[in-house]
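Colleague: The following feature annotations were taken from TrEMBL:
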type	residues	note
DOMAIN	56-518	domain 'Major facilitator superfamily (MFS) profile'
TRANSMEM	54-77	transmembrane segment
TRANSMEM	97-115	transmembrane segment
TRANSMEM	122-139	transmembrane segment
TRANSMEM	151-174	transmembrane segment
TRANSMEM	181-202	transmembrane segment
TRANSMEM	208-229	transmembrane segment
TRANSMEM	313-337	transmembrane segment
TRANSMEM	357-380	transmembrane segment
TRANSMEM	401-421	transmembrane segment
TRANSMEM	427-452	transmembrane segment
TRANSMEM	464-484	transmembrane segment
TRANSMEM	496-515	transmembrane segment
Amino acid sequence: MATQHTAIVPGTVHLVDVSGEAPAGAKMRDGIQLVPRPSDDPEDPLNWSKHRKWLALAMVVVYTFGTGLPLTLQYSILADITADTGISTSTLVEGTGYMFLLLGFGCLFWQPIALTYGRRGVYLISTLATVPLMVWTAYSKSSGEWYAHRLILGFFVAPIEALPEVSIPDIFFAHERGGMMGVYVFSLFGSNFLAPLIAGWFNEAFGWKWTMYFGAIFAAIAFVILYFFMEETMYFRQGLEGLEDEQDEVAAATATVAGEKEEKSSGSSQTVSESPATVYVKPTLAQKLAWFRKMDGRPTYQHMLKTMYMPFIYLYQFPIVTWAGFIYGINLCWYQVLNGTASPVLANAPYNWSSGLVGCIYTGPIVGAAFGCYWAGSIADKITLWLARRNKGVREPEHRLWPLLLTAVLAAIGLIMWGVGAQYHTHWAVLAVGLGILTFSVVAGGSVALSYNIDCYKDISGDTTTSVILVRNVMGFAIAYGITPWYTNMGLQNCFIMAGFLALGCTLTFLFMVWKGKDLRRASAERYWKYAAKSSSAH
């Protein structure tokens with residue numbers, strides 16, 4: 001089957017009907033071809049009403065905040081935890097680095113389960129497990145304990161990194177993914193920036209231990225909301241994205257042959273049988289509330305086990321996946337730099353801020369994240385559609401990369417403003433603006449990288465997203481481990497000037513992908529269609 005499609009480049013799809021000659025089987029909306037093509041089943045998530053889709057997206061946001069916020073409450077109160085427990089600040093930061101490592105590698109366990117047995121149950125387990133682990137965090141008394149609950153928390157909350165990237169394409173079409181992915185990435189980073197702000201003031205009022213208890217309560221509330229309102233979005237559809245037109249031709253040819261046979265048989269027989277219409281069954285309330293649901297067409301248990309190691313194979317067989325992970329990872333690095341230096345810089349002279357005020361500095365990143373979400377989401381979608389119309393209605397995934405031109409420049413500016421400003425003790429407003437500019441780039445860059453990976457290899461994106469997260473979080477672990485000695489030995493000014501130019505150079509590699517991305521996708525076509533066919537038929 002793979003050899004039949006080697007001439008079709010993965011990710012290249014006819015998205016806009018500019019000539020008024022859309023394929024016969026295409027489904028259109030406002031002149032835009034719906035990709036992937038929805039089925040006739042009203043329970044197909046692509047066919048859900050707008051209200052139902054937005055509720056499903058809201059539940060992804062609830063999950064992301066419900067686990068992401070408790071996970072990062074410690075960033076603005078590191079000094080207080082150290083003073084009370086004797087655990088050094090470097091140990092606390094290293095523990096967070098190990099947590100990020102498990103957030104990546106934990107996807108190897110959870111993602112195959114979600115792709116086989118359903119997303120809902122994995123979301124619920126992840127959220128529920130966060131509750132006792134946050135309670136345990138409040139009882140930390142040694143470095144060993146801190147490392148232990150950070151590692152376990154990273155494992156159970158790992159779905160936050162890769163599962164929403166599967167849930168969103170379950171529900172939304174190709175021309176909508178960028179905006180919806182932006183909402184998720186904003187929730188991910190926004191929860192991480194909101195947490196230190198809340199924790200700072202909560203710590204001053206009730207102490208750091210009750211701050212951790214608050215995280216447990218927050219996760220528990222999120223679990224209750226998810227249990228009653230989150231629907232299963234897993235759906236096994238026939239056909240592969242990008243092959244709809246070819247599959248229409250095959251279906252038409254098959255129907256013609258069947259019609260000829262029927263005409264011949266009707267000459268000798270007066271009885272003509274009609275094929276029964278497909279009956280779609282609406283799930284009951286009990287089925288909707290079930291944690292996992294057995295569906296026809298799901299992958300076999302053996303295939304599920306295989307997908308636990310496939311992300312490593314995809315990393316060297318699909319260079320685009322590795323590059324997407326690199327871009328997402330380099331943006332995570334700057335996020336780690338922010339969290340690793342905010343408290344040490346602002347809690348000491350000449351600022352001498354309390355934990356509550358240190359938390360307030362994250363207001364800038366929250367605003368920056370909101371604008372970054374809009375830039376990489378709605379604006380990027382509009383740019384993609386505009387370029388597709390100029391390309392005779394054909395969308396190339398590389399069309400989505402142009403917003404990185406702005407993020408490359410702003411990341412460098414934000415890093416230099418923060419580092420040089422802190423070195424020379426500038427007004428705190430300069431630091432806040434610098435962090436806001438940096439966060440704009442971090443959120444936008446991560447969102448574009450995720451969307452690009454999905455656009456290129458949609459039908460194996462559940463696994464390639466795990467590959468992206470592995471690269472991202474290994475890079476995040478490395479920078480979390482090295483940021484303290486880096487800025488301590490080089491000084492804030494030199495460290496962040498170097499970081500700024502690294503951010504600029506690394507992000508500008510997108511220009512190479514604009515130039516050669518389609519060639520790389522064409523070279524990987526045979527491998528991709530083979531894996532996609534196996535994935536769709538593994539039942």
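The count begins at 1 with the first shown residue.
In case you wondered, yes, glycine gets a Cβ from its N, Cα and C as well.
Automatic prediction, not curation, is the source of TrEMBL annotations.
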Colleague: Cβ under 8 Å to the transmembrane segment (401-421), counting only same-chain residues 6 or more beyond its ends: which ones?
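Modeller: Apart from its flanks, the transmembrane segment (401-421) reaches 327, 331, 334, 337-338, 341, 372, 375-376, 379-380, 383, 387, 430-431, 433-442, 444-445, 448, 452, 487, 492-493, 495-497, 499-501, 503-504, 507-508, 510, 513-514, 517.
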Colleague: Need a quick answer: max count of Cβ pairs under 8 Å to the transmembrane segment (208-229), which of 97-115, 122-139, 181-202, 313-337, 427-452 is it?
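Modeller: Counting Cβ pairs under 8 Å, the winner is 122-139.
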Colleague: Let me know the model's mean pLDDT on the domain 'Major facilitator superfamily (MFS) profile' (56-518).
Modeller: 83
